[in-house]
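Below is one structure, written out as structure tokens; the observations come after it.
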Amino acid sequence: MPPPLQAQRLLLSHRRLPSPHRRRFTAVSSLPSAPAKTVAAAAAHAPSSILSIRESLLSGERTASEITAEYLSRLRRTEPSVHSFIHVADAAAEREAEELDRRIATEGQDAVGPLAGVLVGVKDNLCTANMPSTGGSRILDGYQPAYDATAVRRLREAGAIVVGKTNLDEFGMGSTTEGSGFQVTTNPWDDSRVPGGSSGGSASAVSARQCVVSLGSDTGGSVRQPASFCGVVGLKPTYGRVSRFGLMAYASSLDVVGCFGSSVVDTATILSVIAGHDKMDSTSSSHDVSDYKSELVPLDLLESKPLNGMRIGIIQETLGEGVETGVISSIKDAASHLEQLGSVVEEVSLPSFSLGLPAYYILASSEASSNLSRYDGIRYGRQVSGDDLNELYGGSRANGLGHEVKMRILMGTYALSAGYYDAYYKRAQQVRTLVKKSFKEALERYDILVSPAAPSAAYKIGEKINDPLAMYAGDIMTVNVNLAGLPALVVPCGFVEGGSAGLPVGLQMIGSPFSEGNLLRIGHIFEQTLQNYSFVPPLLAES
């Protein structure tokens, strides 16, 4: 077996293209995108579910109880095939909706927050005081925290109703949600395929409209890749933009709380609520938080060339070997659409791009080996009795932790061990500096960078579960953004062949630190002007 660094190098499925010069981008579509089946009520562009709910509540057209009943009915109908949730708090959601209706009736419209009546799914590695929080691991089965994570608390304070805890790969370590200790989540576009991971439950729940929006976490692409696979909008904010307090730590220098929505407007609304400094998290930023939704321009007010003067770089290394032809075609079509909106789109080379994947897996595994030491049966986790302390520790961890988690702990411990630290961990940190520098230089020339969110569309359940190197290689598009601490937005941009209605493909937009507002503005324009697509899965059309 090769040593860890050599093994990580085997993951690279992209050659570094030799030409460093930039060239004007011209789209050449090699595979026509397959439009999805639509429901009769589908609009030309994604409507805001949050805005619709608020308007119907405040006008008296619908009550919070009626809205909640609608989503819970859909959840109960689709959950047996999708398995998005580990825990559903349906009774609590109904009670909160009834209380909201009473408050509106007695205190008026001013008594409710901006997310009143909005049902939210929360990834199960974010703590919730009134329901279990397992991190997708059997070692925490039955654990219920005494507090809400800051992001969850802020959603509740804004009036949101937490409908349940969504499934994930154990402690966020995985790319398919097959690594959950409880169940395998399926993709609403094709129930024989994965939803992505590790936030697959959150992405699948929004795609199936089991909830309005959801929270996820992104350590190396765990919001963006599932968003692409499930045909929803996914946002990874700048590191420090959203408090990590109450998020179960995987790799603390990479972990970010992100969000999913069926539209850019909904995603922007959620970010405005959860972003901002938190005294409980020393790494959270005090950078000003905008009302991101108010900065979005509706379709009827857009100029003919709304992106005029904007420079966009398409990362050259993300369109080469190892990327499916259909994905490349969809991304090139999306780039052509951005050009039609007035922007200049050019290919740009990031020479350090291919180095990010092995560096990421060394750094993330090293931090995990430290962070997960707390799950020992004494401080946290289900305890297995033993004759001495070592036997208790060993038994509790052996029985409570899954295969993938154990493997990453071992990899990280090895990389940090005496005699290997300089060869692995230190070198990986040096590569991280190169990745940051490469992005900084590119973003000084371009307003945003774009790439696929994943090298393929959703693949079959079980296809890569026994080939971890192939699964890790799928993170090549996303891990560099975490290493650099940058924000990134994924919006659906097209389809490839597969399933009964095609499989969605996501376009990743990457910006400078704290430029979420600009990403959301561009994403919103792109979303509104994209023609002939409806990202509503066949699961909903059939039901």
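Heads up, the Cβ atoms here are built off N, Cα and C, so glycines get one too.
In this view, LYS123 (active site, charge relay system) is surrounded by 35 other Cβ atoms within 10 Å of its Cβ, with every protein chain counted. The active site, charge relay system annotation in TrEMBL covers LYS123 (among others).
Here TrEMBL flags SER198 (among others) as active site, charge relay system. Cβ neighbour count for SER198 (active site, charge relay system): 33 (other Cβ atoms within 10 Å of its Cβ, all protein chains included).
Within 10 Å of the C-beta atom of SER222 (active site, acyl-ester intermediate) sit 36 other C-beta atoms, taking all shown protein chains into account. The active site, acyl-ester intermediate feature in TrEMBL is assigned to SER222.
Among the features that TrEMBL reports, domain 'Amidase' is placed at 66-520.
If you measure from the Cα atom of LYS123 (active site, charge relay system) to that of SER222 (active site, acyl-ester intermediate), you get 11 Å. The separation of SER198 (active site, charge relay system) from SER222 (active site, acyl-ester intermediate), Cα to Cα, is 5 Å.
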